[in-house]
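Undergrad: I'd like to ask some things about the structure below.
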Amino acid sequence: MGTARFLRAVLLLSVLLMVTFPALLSAEHHDGRVDICRLPSDSGDCLRFFEMWCFDGTTCTKFVYGGYGGNDNRFPTEKACMKRCAKA
């Protein structure tokens, strides 16, 4: 029973890494810096409810942030998101 749970956890972790790692790679600049506007939205690890804004590749969209974790593609207002991520 314990082995099955362990294997399930390893499989889940592997799938999460396969999904997340390419997204992080595509968010890198040529000099290795991460472009936060290309990161996927991430609600974080907690269950609190904060309305935040993230850039989805074309525009800023509202999402719910849990209050801990996540990534830097998170802004308190649509204006702050557009100022940082909208390309002129």
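Glycine is treated like the rest: Cβ placed from N, Cα and C.
What Swiss-Prot records for this protein is below:
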| type | residues | note |
| --- | --- | --- |
| SIGNAL | 1-27 | signal peptide |
| DOMAIN | 37-85 | domain 'BPTI/Kunitz inhibitor' |
| DISULFID | Cys37-Cys85 | disulfide bond |
| SITE | Leu39 | site 'May bind Kv1' |
| DISULFID | Cys60-Cys81 | disulfide bond |
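I'd like to know what surrounds each of these features in this structure.
TA: Under the three-state DSSP scheme, Cys37 (disulfide bond) falls in the helix class.
Here Cys60 (disulfide bond) comes close to Trp53, Cys54, Phe75, Glu78, Cys81, Met82, Cys85, Ala86: these same-chain residues lie at least six apart in sequence, with C-beta atoms under 8 angstroms from its C-beta.
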Undergrad: What is the pLDDT of the domain 'BPTI/Kunitz inhibitor' (37-85) when averaged and given as a whole number?
TA: 96
Undergrad: Cβ distance under 8 Å to Cys37 (disulfide bond), same chain, sequence separation 6 or more: which residues?
TA: Phe55, Asn73, Arg84, Cys85
